[in-house]
Amino acid sequence: MAEKITVEGGKASNGDAHLDELALPNGVAGHKKSPPEPLAQRLKRIARANLLVILTVSAVIVGVLIGLAVRNAALTKTQQIYFGFPGELLIRLLKMIIIPLVVCSLVSGAASIDPKALGKLGGWAMLFFLVTTLISSAIGVIMALIIRPGSVEGGGGLKMDSGESNIPESKEVVDSFLDLIRNIFPSNLVSAAFQSVPFGTDVDGMNILGLIVFAMAFGVALRKLGDEGEILIKFFGAFNEATMVLVSWIMWYAPIGIMFLVASKIVEMDDVGNLFASLGKYIACCVAGHLVHGLLILPLIYFIFTRKNPYTFLTGLLTALATAFGTSSSSATLPLMMKCVEENNGVSKHISRFILPIGATVNMDGAACFQCVAAVFIAQLNEIPLNFVQIITILVTATASSVGAAGIPAGGVLTLAIILEAVGLPTNDLSLILAVDWIVDRTCTVINVEGDAFGAGLLQYFVDRTSRGGEVAELNEVRTEDDDAPVKPEHSPLIEKRDTELQEIAPGARSCEKESVM
């Protein structure tokens, strides 16, 4: 029986008790509330826990300041290349890791999920991406009609000569969807790593969509093989974990690379003042639409379904969002986004590594908003009124064309020509869009990856809820490591066979080997 401790005159009756111990009714010693943590120590603890976030956000700010300062030095083209080399190195490191990350994560993820559950998860993900992209397109049209960025006095001053060679080749809407199907089924998996089909023929550019479809189908096929496929499933799982270790190393170089990426872009600009003066309303319209969608619409959707604070979820993504702003590439941000949602927001590996690669390809909320603003801007610039049917056409075409758009810098401009052709607007004014694309494309990428992360968070909530309530039995096969409810382990013929042999040799013996959670 525990010895009862009483406090008399500030001293405990037994010599072993501390001054802050009190007698509880059950005879167990309790403790008073510990003194508050000193402010300096608390700030130090917070700074240490969020060091990478602080460094990444600071790198963007410092990069802007360095770029504005170095602009006055009048660097030559060769010096500009040298100056931007640390940023180029970051892009190369992130692109290096994309293919093994996407292929291995999707193979292991698809192999660890029951095919019926895989269909449900994929269906919910596509529905979320489609709805949010359509909402983003509507926001872009509404913002452009309210702000009217193309209604500028002396509109002829906006005609900037940036050369016809930079304007993407226009094509029919039907051709764009045929190219989308061609990308889904690549003729050569090796060439898909560095070639895609934007204009009917293979050109340089990673075909992420084709790799995603193959990896998912291959994972499902491995699951169907049973014991023969277990070895390969474990191989891809281990490969995936090793890839994430490489990602964690790259993350610590990211602040340096982002700083030089932002600074070099500012140095490369010819005339910052004139650019913002002539196209300031267009830039403001795009950024305002992205802010509305990213800070209001997406958090509101997340809150409605989960009843959780969406801005707490958003805080855990700061490192990935800052990287998206610096690199201007959804695909390059994918490794860091996986790390953030898993470690900061509690999304299981199987959900994040299955959904995020798909979202990086098919979810283009920011690009859809920008494309709608750009289409209305060009119409206003040429004094072409848009009727209701044309506006609906812009919305539908922007939503559809954003699916499978290249997750690379300036990828949205390539699909903008499709929208202009669909409503009969001139494509010559795309030179204006290209002039400020490096600014708008960064906010586009931030919104794109934010939408991917919220989609992963919603799917995690959906899986947790259905697993606890038993509403969808198939989703219990999604083997997450963080689920509160116990999940029935996946059937493994390899382990079952080994256990049977052990029982025959030594009754009562059990294999100590467990099936890989991957």
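Cβ from N, Cα, C; glycine included.
Note: TrEMBL annotation is automatic and uncurated.
Under the heading transmembrane segment, TrEMBL lists 51-70 (among others).
The transmembrane segment annotation in TrEMBL covers 90-113 (among others). Using a Cβ-Cβ cut-off under 8 Å and counting only residues 6 or more beyond its ends in the same chain, the transmembrane segment (90-113) has close neighbours at 121, 193, 206, 208, 211-212, 215-220, 222-223, 229, 233, 236-237, 239-240, 243-244, 246-247, 250, 253-254, 256-258, 261, 326-327, 329, 331-335, 338, 349-350, 353-354, 357, 477-479, 490, 518.
Annotation source TrEMBL lists transmembrane segment at 125-147 (among others).
Sequence annotations record features per position, and here TrEMBL assigns transmembrane segment to 205-222 (among others).
The feature transmembrane segment is assigned by TrEMBL to 243-267 (among others). Within its own chain, the transmembrane segment (243-267) is flanked in space by residues 52, 55-56, 58-60, 62-64, 66-68, 70-71, 75, 80, 83-87, 89-91, 93-94, 97, 100-101, 104-105, 319, 322-323, 325-327, 335-336, 338-339, 438, which lie at least six positions past its ends and keep a Cβ under 8 Å from the stretch.
Under 8 Å from some Cβ of the transmembrane segment (279-304) lie the Cβ atoms of residues 132, 135-136, 139-140, 143-144, 147-150, 152, 158, 310-311, 313-314, 365-366, 369-370, 373-374, 377, 432, 435-436, 439-440, 443-444, 446-447, 450-451, 454, 457-458, all in the same chain and six or more residues away from its ends. Among the features that TrEMBL reports, transmembrane segment is placed at 279-304 (among others).
Among the features that TrEMBL reports, transmembrane segment is placed at 311-334 (among others).
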